[in-house]
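For reference, Swiss-Prot has these:
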BINDING   Cys217, Cys222, Cys236, His240  Zn(2+) binding site
COMPBIAS  429-438  compositional bias 'Low complexity'
REGION    208-405  region 'VOZ'
REGION    424-445  region 'Disordered'
ZN_FING   217-240  zinc finger
Amino acid sequence: MTGKRSKTNCRSASHKLFKDKAKNRVDDLQGMLLDLQFARKESRPTDVTLLEEQVNQMLREWKSELNEPSPASSLQQGGTLGSFSSDICRLLQLCDEEDDATSKLAAPKPEPADQNLEAGKAAVFQRGYNLVQGKSEHGLPLVDNCKDLSLAAGNNFDGTAPLEYHQQYDLQQEFEPNFNGGFNNCPSYGVVEGPIHISNFIPTICPPPSAFLGPKCALWDCPRPAQGFDWFQDYCSSFHAALAFNEGPPGMNPVVRPGGIGLKDGLLFAALSAKAGGKDVGIPECEGAATAKSPWNAPELFDLTVLESETLREWLFFDKPRRAFESGNRKQRSLPDYNGRGWHESRKQIMVEFGGLKRSYYMDPQPLHHFEWHLYEYEINKCDACALYRLELKLVDGKKTSKGKVSNDSVADLQKQMGRLTAEFPPENNTTNTTNNNKRCIKGRPKVSTKVATGNVQNTVEQANDYGVGEEFNYLVGNLSDYYIP
């Protein structure tokens, strides 16, 4: 009886000791779990990882201690897992489960066939540009679905090793036969006979220096060399070929550039030569745009909405050469809606290096004091059916006298000067003196009296020098009081 009681007391004391130890460990575990909860709320990933490892380590030690074949073990003495509380059982079961930090990596799933570079054969290029799927129904295939390229290419970079350019895009990828790059409705470009290798497009990015000595791109404002491919042989790229075809058909408005064209004459003569050769250059043909009526009366062709801080605007278009510009000694072209006034030639340049002529015209008189209209005509010797015109509208200082328009004071002074010139033309007889006073034929330039103010003389000379009227001319003056100097 005594032995049984002592055995019971020993078992009770051992159980109490184990219970107290378990209680302390549960308290420690509860504190760690609270710290872990706060660390997650405060977004401290380092502390979260450390606390999770401590919790797992504690549970592993506890489980190892319980499984030891020791007399002090409650399980060894007949205790079962069911004798523990539900919380301890749940923790012991969680310890048996492997978490993400300690579990082994699962076998990776096989990648799709289109992401394998060896099996897919440049699938990124096919998926991004859709060049092998067939001809595009919406124009240029190089533009369609371009937004998916970065996403598709990103799936092929795993960070293990850098991929070479030819490994990604497979330079031996071929287009389907008869691929014309979206120019299905452009008979002038024709179609491609046979496949085109993508490696042929690499020189378009950075052509060699020698290429710039050959023919340039036919687009009027592009100085890059033409590549010579079958379906855009006169252009540097398919994009410029599309621009030249779509921006220059008949019926379109002239090319407009707020701020000016900003190109030298060489590119403009090159565009004219390309047009004469039957190429599309991106400049429309506008028949009579500069000569049928005044440009300020043609809003359907010339937009005159001046932008903020804009001081110059230019238009560019093709038209038939107007030989009427050279009619008469004054080389002028009257406009039907401007009371017989219009364009006056001020300069003619023989451009030997380009094989053509450049003529400059000014509007006489200018319609406004603070705006000036100028017209430039480009012609080449080998083409008589087409000329290139550059129309210019320029904001000038209103205080300065506008070119091509003489102030009223200057006209009045010149009328007085003409009245003092009778001494240079003596009357033939007394009977015809009265008639000749009303009607005289004055040849050559009028000589200004030395008594006239020098300011008016300088103003008149500047007008003559500016517009290049250097030859002799005849005026038939009917009434000196109505004489008008244009």
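For all residues, glycine too, the Cβ spot is worked out from N, Cα and C.
Swiss-Prot feature annotations superimposed on the structure.
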{"residue": "Cys217", "record": "Zn(2+) binding site", "DSSP class": "coil"}
{"residue": "Cys222", "record": "Zn(2+) binding site", "DSSP class": "coil"}
{"residue": "Cys236", "record": "Zn(2+) binding site", "DSSP class": "coil"}
I need the neighbours of the Zn(2+) site defined by Cys217, Cys222, Cys236, His240. Which other residues of that chain put their C-beta within 8 angstroms of the C-beta centroid, in sequence order?
Lys216, Ala218, Leu219, Arg224, Ala226, Tyr235, Ser237, Ala241
Taking the Cβ of Cys236 (Zn(2+) binding site) as the centre, count every other Cβ atom within 10 Å, in any protein chain shown.
21
What count of other C-beta atoms do you get within 10 angstroms of the C-beta of Cys217 (Zn(2+) binding site), across all chains shown?
23
Among all the protein chains here, how many other CB atoms are within 10 A of the CB of Cys222 (Zn(2+) binding site)?
21
For His240 (Zn(2+) binding site), which residues in the same chain are close in space, meaning a Cβ under 8 Å from its Cβ, but six or more apart along the sequence?
Cys217, Leu219, Cys222, Phe232
